[in-house]
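Here the structure is laid out as structure tokens; the discussion comes afterwards.
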Amino acid sequence: MARAEPRRNAADMAPIGEPDGGIMVAVRATLRRDLVLLLRGRGEVLNPLVFFALVITLFPIGISPDPELLATIAPGLLWVAALLAALLSLDGLFRGDYEDGSLEQLLLAPQPLPALALAKVAVHWLLTGLPLALMAPVLGIMLSLPAGSYLVLALSLALGSASLSLIGAIGAALTVGLSRGGVLLSLLVLPLYIPVLIFGAGAVQAAIQGAGVSAHLAILGALLAVALIFAPWAIAASLRISING
Amino acid sequence: MWAFIHKLGSPKWFYAISARLSPWFWAAAVLLILAGGAWGLAFAPADYQQGNSFRIIYVHVPAAFLAQSVFVAMAAAGFVFMVWKIKLADMAAAVMAPLGAGMTFVALFSGAVWGVPTWGTWWQWDARLTSMLILLFLYVGVIALRGAFASRDSAARAASVLAMVGVINIPIIKYSVEWWYTLHQPATFSVTSRPAMPMEMWLPLLIMVLGFYCFFIAVTLMRTRSEILRRESSKRWVRELIGEGR
């Protein structure tokens, strides 16, 4: 507690906010800052959604407009396209902060870096994964996805994209210091996405076939739990490597 | 115990001890692979279903074993490097990655060649083939990440983190792919339904697996030695050693 002493003095001189921020204060500040930044520059939020819609448009053109054929491949298509859209948005996750130096401030902060990284990932999911999940049913209609699976599609995407954001953030943190990290990022991250894809698309398939979906969703939740335990530490370690290198 | 580990972490000491060890591993690898190969390819009885084509198992299975073990070994070396900052561990991890990727490719390729007479196709989205393919991508990712960094230390730490993340994911990927496969299983012949292997087929396979492991250790020792010379080229003992050689 010897450390708290000079801090309180500094706070007396400049009474801004909390004198000694705990984890929650820092996490809340990071959440707020990232949300504001992303919502002001709308492109970063909207582009993945447009990309998602565009890729889904390509498939009927490339394969066939036949509704029956589309309906059979729709779960996989929607999931793969959403996964790629989430992947594309990952490159910007730490890039801006890295370029303007605020990432270094995050590393220097007295609060644990894994918690702050988790806050950044949470914002990424909130503004990428969640909108993709909400948009997917609309695109599902266009691919004549059988009725009754729309809720499962949105739910599985919402759950799964949280894992995607967490796993992808490790790759984004590892490549943020590299000038051309984009393709490398996909190379690192896509193999790790496969379990999420299997169970996410599997949930939608099961819903179409009338089988129970709770097992799939439970496994997606389990994957998310594992990612929540391990990923923040891996992200923090990777960020330190990228900044020091 | 700690003194021993500390000593083992010293490149100079490792260079000396590996010089004494590696000929034994080379000899064991050559003997075991020659013996197992001759036994398996020439003397083991032909499979009653697959005929002689089953003999590719004597390359395929050891390569597949090694492909997975090398990744685990690489991640373990990465862990040692990250925790205790032993540079030697990173040198070993760096030289293991291409070997592991090569073994994965050999396993995939021999699997494809084996698939032609048994399945009638080069590729089948079989659970094990698919997870091997993903393993190959993981290897390529680790190698590419290491190559992308300008600073050797950053590259080493980044590759270590990725190898550890990968090794946590390998069982998850493996089981999810198996689960996916059983869900979509096509109505074709499967290798797993083959009856248990008789002893005279199984023993040469065991010898081949041991031989491949010895080969892996021998190659890793040899390549780590050259990596030591490359990275420590400014150290006095390396200069003296090279000066002697001239």
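Placement of Cβ uses the backbone N, Cα and C atoms for every residue, glycine included.
Automated prediction, rather than curation, is the source of TrEMBL annotations.
Here is what TrEMBL records for this protein:
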DOMAIN    B:14-184  domain 'Cytochrome c assembly protein'
TRANSMEM  B:21-44  transmembrane segment
TRANSMEM  B:56-84  transmembrane segment
TRANSMEM  B:91-117  transmembrane segment
TRANSMEM  B:129-149  transmembrane segment
TRANSMEM  B:161-181  transmembrane segment
TRANSMEM  B:201-221  transmembrane segment
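By the Cβ criterion (under 8 Å, sequence separation of 6 or more), the transmembrane segment (B:129-149) is in contact with the transmembrane segment (B:56-84), since 3+ such pairs are found. Beyond its flanks by at least six residues, the transmembrane segment (B:21-44) meets 55, 57-58, 200-201, 203-208, 210-212, 214-215, 217-218, 221-222, 225 of its own chain at Cβ-Cβ distances under 8 Å.
If you look at the transmembrane segment (B:56-84), the same-chain residues 6 or more away from its ends with a CB under 8 A from one of its CBs are 9, 36-37, 40-41, 90, 92-93, 96-97, 99-100, 103-104, 106-107, 110-111, 113-114, 128, 132, 135, 138-139, 142, 156-157, 159-161, 163-164, 166-167, 170, 204-205, 208-209, 211-213, 216.
On the 0 to 100 pLDDT scale, the model's mean across the domain 'Cytochrome c assembly protein' (B:14-184) is 88.
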